[in-house]
Amino acid sequence: MSTALWLAVLASALGTLLMRMLPLLWMQRRLDRSDSDDDLDAMPQWLGILGPLMIAAVLGTSLVPTTVDATSWLATAIGVLATLAVWWRLRSLGWPIAAGVAAYGAVVTLLG
Amino acid sequence: MSQQATRSLPRPWLAGLREAIPLLGGYVPVAISFGLIAVQAGFSTWEALAISTLVYAGASQFLFVGMIAAGSPLWLVVVMTLLINVRHVVYAPNIAPWLTASRAWPWLMHGLTDQVFALAHTRLPQLPASQRLGWFTGAALLAWFSWIGGTALGAVAGEELTRRWPLLGEIMPFALPALFLVLLAPRFTDRRWSVALGSSIAIALLLTVNGLSNAAIPLGAACGALCFYLVKLDSTTRGR
């Protein structure tokens with residue numbers, strides 16, 4: 001890589017790090033200044049709403065299969081149902097994911 | 001691994017490592033693809049590793065390598081990379097109320113990817129304050145190392161791996177939506193949240209299917225927020 005290209009990598013890395021780091025410092029300062037005992041009260045309401053919605057959007061993007069065809073969509077639907085069914089019974093983190101991946105994999109392998 | 005209970009963990013960093021394992025299903029296959037594509041675009045293995053270690057942001061790395069390979073001006077490559085990553089600005093403030101007093105936290109934000117944020121946003125409030133730093137360090141480091149390791153694997157043996165196990169790269173990434181489903185399911189508590197979360201998921205999915213994956217997360221979340229406030233307005237109006 002040329003020096004210019006290395007500089008582009010470093011600028012992208014530094015910019016990304018600052019976008020992850022500086023908002024934390026801003027928020028920590030805001031929380032420190034707040035009189036409220038509960039830090040959650042000092043958080044802007046829109047920010048608290050945006051958090052879960054960002055996770056929901058990440059879920060939406062990740063639901064799109066690597067290969068977009070009917071089999072993959074069917075596998076996605078069955079994987080989602082399997083994940084939710086096991087979560088409903090166990091309310092845990094690990095097993096529902098294992099069940100979802102297994103169900104997805106079974107459909108892709110059998111019909112693919 | 002109960003999600004609900006606030007309980008003491010004997011080794012919080014180990015619990016963080018364990019709970020981040022589902023992320024590997026999504027990270028490793030995608031990182032292998034990145035390593036392979038970077039080498040095919042003319043980068044060396046060490047250069048691909050440097051990008052994964054320093055930038056550490058999936059979609060923007062693919063764009064970075066693709067634009068360089070296409071001969072785009074470097075300033076434009078940097079601007080586009082940062083533009084894709086701008087969504088990260090809302091992540092750290094969202095978990096800030098649960099972060100303890102330690103100078104390590106700002107530096108640990110390097111590991112705050114979409115997926116680590118989703119996990120931390122759910123788990124940190126459930127952990128005792130004394131264990132949050134250890135838990136986050138374990139989870140974030142496992143995710144980071146898996147991304148770097150996957151890149152190395154892809155750069156060195158990507159072609160061989162995808163030829164030998166073509167289905168593996170297709171099946172394992174389902175661990176990511178499965179993880180997000182489990183993290184989000186308890187948040188469908190009432191009609192308002194269900195409509196907002198459901199529309200965020202649907203909009204982001206539709207945008208991704210139509211090739212707008214980079215805009216999908218911020219636009220999906222923005223539409224969800226709009227629905228959240230519209231449902232409130234609707235119920236307020238009916239109440240009158």
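Backbone N, Cα and C define each Cβ position, glycine as well.
Straight from TrEMBL, the features:
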type: TRANSMEM; residues: B:21-43; note: transmembrane segment
type: TRANSMEM; residues: B:63-84; note: transmembrane segment
type: TRANSMEM; residues: B:133-155; note: transmembrane segment
type: TRANSMEM; residues: B:167-186; note: transmembrane segment
type: TRANSMEM; residues: B:193-209; note: transmembrane segment
type: TRANSMEM; residues: B:215-231; note: transmembrane segment
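Contact between the transmembrane segment (B:167-186) and the transmembrane segment (B:21-43) is supported by 3 or more Cβ pairs under 8 Å, counting only residues 6 or more apart in sequence. If you look at the transmembrane segment (B:133-155), the same-chain residues 6 or more away from its ends with a CB under 8 A from one of its CBs are 9, 11-17, 19-21, 23-24, 27-39, 45, 48-49, 51-53, 56, 58, 100, 102, 104-105, 108, 110-113, 115-116, 119-120, 123-124, 127, 161. Residues 34, 37-38, 41-43, 48, 51, 55, 57, 214 of the same chain, all 6+ positions outside the transmembrane segment (B:63-84), place their C-beta atoms under 8 angstroms from a C-beta of that stretch.
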